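Presented below is the structure to which this report refers.
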Amino acid sequence: MQFDTIELAIEALRNGESIIVVDDEDRENEGDLVAVTEWMDDNTINFMAKEGRGLICAPIDKSIAERLKLQSMEQNNTDIYGTHFTVSIDHYKTTTGISAHERTQTARALIDENTNPEDFHRPGHLFPLIAKENGVLTRNGHTEAAVDLARLTGAQPAGVICEIMNDDGTMAKGEDLQSFKERHHLKMITIKSLVAFRKAVELNVNLKAKVKMPTDFGHFDMYGFTTDYSDEEIVAIVKGDLKSNPNVRMHSACLTGDIFHSQRCDCGAQLEASMKYIDEHGGMIIYLPQEGRGIGLINKLRAYELIEKGYDTVTANLALGFDEDLRDYHVAAEILKYFDISEINLLSNNPKKFEGLEDYGIEIVDRIELIVPETQYNHSYMETKKNKMGHLI
């Protein structure tokens, strides 16, 4: 499939057009027609009903639902993707409520600040959906994508969506969506690209605390951050001037190595070496909650069980159903942007960290190698990192 940029999609939506939004392959893997309520007209709903053929819904921000007292359709939501339907509605000025014009009228009433809860008949023929707070950064659904896209166009946080079905009633996927796009001259994007766009242009980290932190390796300033879209807590320790190409280490948390000094890995030794380097040369360490390359502590211990049976660190992850590395570095990039940093010297042997930061607009000026001694217990682990994961060691 050929996808368009988010910028082109935003422009099309502002012009009152519908676009196609495709979700992830491991989710519904389907395409929805999406339009912004503020910019759409009767033709939008008619096109969705005639060509899309799916259920026409109206994604809205939680604040709209609360203001208009739109209650959940079902208190015990058992939908496999957690789609948050409210009771269906018709605006009181409609007749049957089903025509394209009347569904447009109902959708437009949702974003009219003069609309009152009593202005809707319930049930009706339009199905509002409540988007999760923080949108696609919290849930990778078409509901959240529609509301996020509406905001990005400068409109009220509301849209209309409709699943795309083939002529035979099956769901359009892959080449079917590509043909639909070409036939109707529509822009098409992925939710994944919308997530990346938002992460690249928005600052979603919040400083919650700053303290002096004396350590065995020197005296640092420690900053505590949270994010808008998860319950993660991230710390950064800083020393010296950060203005010109600061030295930065992104360190993934490793309880076994950092705290218990496990010799199965080189994590604890790398953290200590990084702290010594930053103490001497200045810079920052961003400590990320990415235990076990993102699989979590217990799963890392399960991977160790497999390693004891002859697996390596990569094949163990794969055997447990994970990719070899689940880490993403957008939070680190956002923390750097919080400090107005766009160019760094990176303390790392891992090329994926370079790529991960560059994907979010951070330029790597120089690499500072971080070589620590092997132990008798981590030789195989180090060889796997070098030979299978491309680490520069």
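Sequential numbering from 1, following the chain as shown.
Cβ from N, Cα, C; glycine included.
Of the residues CYS162, CYS254, Swiss-Prot places CYS254 in the same Zn(2+) site as CYS265, CYS267.
Per Swiss-Prot, the candidate among GLN263, GLN270 that belongs to the GTP site alongside ARG249, MET250, HIS251, SER252, ALA253, GLU291, GLY292, ARG293, THR313, SER348, LYS353 is GLN270.
A gap of 52 Å separates the Cα atoms of HIS125 (site 'Essential for DHBP synthase activity') and HIS251 (GTP binding site). Mean pLDDT across the region 'DHBP synthase' (1-200) comes to 95 in this model.
Nearest to ASN140 (D-ribulose 5-phosphate binding site) in space, judged by Cα atoms and limited to the binding-site residues ARG249, HIS251, SER348, is HIS251. Take the CB of ASP32 (D-ribulose 5-phosphate binding site) and look out to 10 A: across all protein chains shown you find 30 other CB atoms.
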